[in-house]
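Below: one structure, written as structure tokens.
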Amino acid sequence: MKRPVVTCPQCGKSVAWDNSNPFRPFCSERCKLIDLGQWATESYRIPDTGKDSEKQESDPSGSEK
Ligand SMILES: [Zn+2]
């Protein structure tokens, strides 16, 4: 019987889609964790609306009094 083969989304390695592989479609636990980690990072990324970019360097000495 021919086993289906998938490509690991993380490293591109050919992986046999088999019940013995709990990490499918990834080739290994490592690749799975890396992919999940990237996903978590993406969702955690807070959109920078440019609020900080308007921060101006006003005179630190305060000589204008
Ligand atoms: Zn992999």
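From the backbone N, Cα and C atoms, a Cβ is placed for every residue, glycine too.
A TrEMBL annotation is a machine prediction, not a hand-curated record.
Among the features that TrEMBL reports, Zn(2+) binding site is placed at C8, C11, C27, C31. Residues or ranges marked as compositional bias 'Basic and acidic residues' by TrEMBL: 48-65. Under the heading region 'Disordered', TrEMBL lists 43-65.
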Binding-site residues: C8, C11, C27, C31 - member with fewest neighbouring CB atoms within 10 Å: C11
Secondary structure of C11 (Zn(2+) binding site) (DSSP, helix/strand/coil): coil
Cβ within 8 Å of the mean position of the Cβ atoms of C8, C11, C27, C31: remaining residues of the chain near Zn(2+): P9, Q10, G12, K13, V15, F26, S28, R30
Assigned element (helix, strand, coil) containing C31 (Zn(2+) binding site), judged by DSSP: helix
